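Accompanying notes for the structure given below.
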Amino acid sequence: MSFNTFGKQFRFTTWGESHGPALGCVVDGCPPNINLKEQDIQVELDKRKPGQSKFTTQRKEDDKVQILSGVFEGKTTGTPISLIIYNQDMRSKDYGDIKDKFRPGHADFTYFKKYGIRDYRGGGRSSARETAARVAAGAIAKKVLENKLGKKFKVVGAVTQLGILGCDTRKWNDLTINKNPFFCPDKNMLKLWEKYLLDIRKSGSSCGAVIEVRARGIPVGLGAPIYSKLDMDIASAMMSINAVKGVNIGSGMNSAQLSGEQNSDEISQKGKKLKFDSNNAGGILGGISTGQEIVVSFAVKPTSSILTTRKTINKFGKNTTISVKGRHDPCVGIRAVPVGEAMMNCVLLDHYLMNKAQCS
């Protein structure tokens, strides 16, 4: 299986499976002399790790990261940074009854048809467990960007819609997001979401979500025309996350309903200060950052592993039914928030380094 590497100048390769002994990544292209310790990575992994609330999978993983290379005396050396996270709480026996069956909506069918073999234990490589390695890589990108761009730089993500219940993003509050188990930016939605998701969990079903990621303190000029557009790479990054089925940049699909006057973000200058009257472009024009807040949202489909009995086939081409036991997220979108933040950080650093190489 190829295509496990993401990025150009700053790139990472992830490895490992859901029920294997460990997973991890190798980060290449990180600048030297950046202060980095395991705790810098751990704090991001702790946002994503399972078993932290009744609203996520009850699989218990500490997700303790170890830095194996690329850091000396607390600083990056410019050489590849290798990271490892050991798996602890696997229950492969939960999948014994379905090892020959394809879960509807999951990658089981396509993996088997393409490769002729698949790891049925927790989905193997197609499991959202793989995203722990991305979050680790994103934590390194975040450290570099904070060093290069300063205190104004920030990437923050939130769940803005849980199933059929959306929140008012005009009430977005960064401080609220990390104080609730949903990464919800609007405290008024918390009780509604709690009841909604508990009912879904009790029924044995699942729901989808919409996640929004915002990046602030980004300079003008990141990205390049045509085949290296910043929004193109951000969209690719978000679409690579497990279960993501759609991405919007700025107004996204809604921009098709706007008039030219409504959609255009008018610009004015007051002294040395540039002002945009709106941000339908999501902080990117012509594939290049405008200096505004970059706003990206993506839709995550409902978790495919559910208790409800469904029709399917087995690997021998026979009709059968399936009901998936085990421990699964009733909404995988919740834990996708730190993954989206990580991928945003990786893309931004990649383009920052490419821009420095070409234009500095």
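Note: Cβ is positioned from N, Cα and C throughout, glycine not excepted.
Database features, via Swiss-Prot:
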type	residues	note
BINDING	R48	NADP(+) binding site
BINDING	R125, S126, S127, N242, A243, G286, K301, P302, T303, S304, S305, R327	FMN binding site
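Taking the features listed in Swiss-Prot, we show where each one sits on the structure.
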residue: R48; record: NADP(+) binding site; DSSP class: helix
residue: R125; record: FMN binding site; DSSP class: helix
residue: A243; record: FMN binding site; DSSP class: coil
residue: K301; record: FMN binding site; DSSP class: coil
R48 (NADP(+) binding site) versus S305 (FMN binding site) - Cα distance in angstrom:
19
Cα-Cα distance linking R48 (NADP(+) binding site) and T303 (FMN binding site), given in Å to the nearest integer:
16
Least buried of the binding-site residues S127, T303, S305, going by other Cβ atoms within 10 Å?
S127
Below 8 Å Cβ to Cβ and six or more residues apart, same chain only. Which residues does that give for R48 (NADP(+) binding site)?
D63, T131, A132, V135, R335, P338, V339
Validating a neighbour-count step here. Other CB atoms within 10 A of the CB of A243 (FMN binding site): how many?
22
Please identify which of R125, K301 has the densest Cβ environment, defined as other Cβ atoms within 10 Å, among these binding-site residues.
R125
